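Okay, so here's the structure we're looking at.
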There are 2 protein chains.
Amino acid sequence: MRILNQEIPSAVGQTVTVAGWVHRRRRLAAVSFLVLRDRSGLSQVVVKAPETQAQLDELGEETVVQVTGQVAANPQAPGGAEIVDSVIVPLTEPAQTPPIELWRPTIAAGLPVVLDNAPVALRHPAIRAGWEVAAAALHGFRETIDGFGFTEIQTPKIVGTATESGANVFALDYFGGPAYLAQSPQFYKQTMVGVFERVYEVGPVFRAEPHDTVRHLAEYVSLDAEFGFIQNHRDVLAVLRDVVAGMLAAVGSRAAGALDLLGVKVPEIPTEVPVIHFAEALALAGADPDEPDLSPADERAIGEWALREHGSEFVAVEGYPMVKRPFYTHPQPSDPRWSNSFDLLFRGMELVTGGQRLHRYSDYVAALEARGESPEAPAYGSYLQAFKHGMPPHGGFAIGLERFVARLTGAENVREVTLFPRDLHRLTP
Amino acid sequence: MRILNQEIPSAVGQTVTVAGWVHRRRRLAAVSFLVLRDRSGLSQVVVKAPETQAQLDELGEETVVQVTGQVAANPQAPGGAEIVDSVIVPLTEPAQTPPIELWRPTIAAGLPVVLDNAPVALRHPAIRAGWEVAAAALHGFRETIDGFGFTEIQTPKIVGTATESGANVFALDYFGGPAYLAQSPQFYKQTMVGVFERVYEVGPVFRAEPHDTVRHLAEYVSLDAEFGFIQNHRDVLAVLRDVVAGMLAAVGSRAAGALDLLGVKVPEIPTEVPVIHFAEALALAGADPDEPDLSPADERAIGEWALREHGSEFVAVEGYPMVKRPFYTHPQPSDPRWSNSFDLLFRGMELVTGGQRLHRYSDYVAALEARGESPEAPAYGSYLQAFKHGMPPHGGFAIGLERFVARLTGAENVREVTLFPRDLHRLTP
């Protein structure tokens, strides 16, 4: 019966069997060390028998082995215990030398080499740690939002028309006709508010993003939520705050080892996220009051303001100009130049966009016509059907998983925390 | 403060506010009834004031309203209570008449009409119930497998080469070059066993399925699992059994109302699923011993046998001929004509396929060459890298969500339990 490496320290004096990858071998004069890696971490196996030392010499790093031996206390070993008097049984043929030295704490290879060799590079504890944070965040997202009575949905990724605009959309051959990859589940999640009131979806979204930047991917994981019977976007922000808090808590509890390895502390999100109106944000940043958007420098200034004035690493900017928001955005009732939408900034960078949507059919017709589009267009037919037949005031948000994790872990490039990134230049592995 | 319809019976004597959709209106001589639908179910609102009756006459079915009134006990009302002396406030403009009568318990429209009008048809309690079962099953899947120490992964859906074969794959334009939609996460989930040992993924898979049948979709949700350090496929079957049990338990507890509405009882899966070898299965069904596959009639015969001999609605057939299994399938060690793979049948129909995979690099090279394929081909380069550098004995399975739910609910067509199905003829809504 196999035990995990992390269970070794509590088995001192017993004979145990562990299994995993040969992470590292060190041969000294009289003794060899085998560092074994499994999903729970590392362990140390001490080999003194000459024939086992010779056996180990033949088993290159990454060979999968099973080790049976006696657990002995040793304060110098990981966890304070090691395996001695061991019998090593290979579970596969000897592995070839990995393209990246996985046992070195620091990754010597550059990002392109790491990404080209992802099937093996992801085994490096520090690279793997990024995804451990992502997996924990996914768990926290679902657990929190499920607790709020949201229903999970899974909506199609192949669509008949471009979701929000014709730009940056991937086209495909669908049984001889044209189709597209969904840029977001926006229309579907709104539609499903008519069915379940509160819905969420975790799934891939696709952007034929022609820019090669550290924050854009051609395919990423979107954590979408949408819900009805709200007063305005502030209700959306309140749910988002709780969801982010749940994600952070799950990262702290489920990926503690990964955080240690990465030297990252989970930030605090205040119960009430500070909110600043877009117009005030421009003034605060010293920007032109007619600017329709915030520059990266403006966002940093607002982040600093929130930290200084409210002790918060998070801040929401509400009221973004309607001209910069999609047609389904609900205007600010007191002044329709502004919108009932917001960006949540974390450490001075945009993390999540959310807001209230239009809910009246007549408002959709007017909004589309004002943008020179026809409500009768195939792109809108099924979407508008939901509004024709009664929809409550509603809103929602979308969290980009990879960007969230990159911000949290301080990764400079979103690709560092993506399992197999897709971009302008990268389609494999 | 809004309460849900399901909370009304416990608020007798109080003034409450509810909100939802006008599900049905009935006008009698002295009184009108409003049946209100929200995400928790239906409630009855009694309207006697003539001006409120007149107001209700203007608010067509599916209009979203808020109702404030007094809760009165009434054994005839749903849940034994109803709302009286009510004030109705519309939250949107009056809704247009739905294309399908949502208030009728039985759906009069045929499936094509239902699917064409999915944004509204999904609001019908009996149609919505199918997806409630699906959402509960998803929850049960993740909860169970997470408890076994599996790590969630999210792998790319845009791939550089067809995953398993060139057939039935959707091609797309990827920044001017060719790319494809992933037919399964098979290669990626195996690769990730090298990183996390135990992984799972819930996500869309794409099949350019040219056949128009009641069980095939061009896009469906696949629940994939893969894990290492197994003895053989029986370890995979044991995990699958527990995962299916967890899914069934979650459906029973989280979708109880939906099951009632559909008249469905959750089946029992035995702790040990009966297993029969493919060769015996053929004999049992009276089929030619040289047949490489089971016919639907054979599967029914085996299902009947399992029910008769083992009292089980589930049965696993192991040892499927290698010639009918993908190249990565592990042969049966005692006789390599057969494989260490299985199908799990439910009520005489295939529900899940799983098995042990090859894990030695040299075995992959041999298996590909035996099929006339080059291990150096771009399709296999990154995949085989994982095996070159050490992989444990491993295996896994994939559950098709829509098919699972269709079998469970007795839906004749998998489209009945898919939110927005995609097939040869259907790309919208």
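Backbone N, Cα and C atoms are what each Cβ position is placed from, and that goes for glycine too.
Remember, TrEMBL labels are computer predictions, not curated facts.
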Kindly point out which candidate in B:GLU350, B:GLU369, B:GLU373, B:GLU376 is recorded by TrEMBL as part of the ATP site with B:ARG207, B:ALA208, B:GLU209, B:ARG215, B:HIS216, B:LEU217, B:GLY400, B:LEU401, B:GLU402, B:ARG403.
B:GLU350
Any idea which of B:186-189, B:198-201, B:202-205, B:414-417 is down as region 'Aspartate' in TrEMBL?
B:186-189
When distances run from the Cα of B:PRO78 (site 'Important for tRNA non-discrimination') to each of the binding-site residues B:HIS216, B:THR353, B:ARG357, B:ARG403, the nearest one:
B:ARG403
Sort out the residues at least 6 away from either end of the region 'Aspartate' (B:186-189), same chain, that have Cβ-Cβ distances under 8 Å to it, and list them.
153, 155-156, 163-164, 199-201, 224-226, 326, 328, 382-383, 396, 398
Please list, in sequence order, the residues in the chain of B:ARG207 (L-aspartate binding site) that are at least six apart in sequence and whose C-beta is under 8 Å away from its C-beta.
B:ASN168, B:VAL169, B:GLN183, B:HIS216, B:LEU217, B:ALA218, B:GLU219, B:TYR220
Identify, in sequence order, the recorded positions in B:PRO78, B:ARG207, B:GLU209, B:ARG357, B:ARG403 that approach chain A with a C-beta to C-beta distance under 8 Å; the answer is 'none' if none do.
none
How many other Cβ atoms are found within 10 Å of the Cβ atom of B:ARG357 (L-aspartate binding site), counting all protein chains shown?
28
Other Cβ atoms within 10 Å is the metric here; tell me which of the binding-site residues B:HIS216, B:ARG403 scores highest.
B:ARG403
Cβ-Cβ distance under 8 Å to B:THR353 (L-aspartate binding site), same chain, at least six residues away:
B:SER341, B:PHE342, B:ASP343, B:LEU344, B:PHE397, B:ALA398
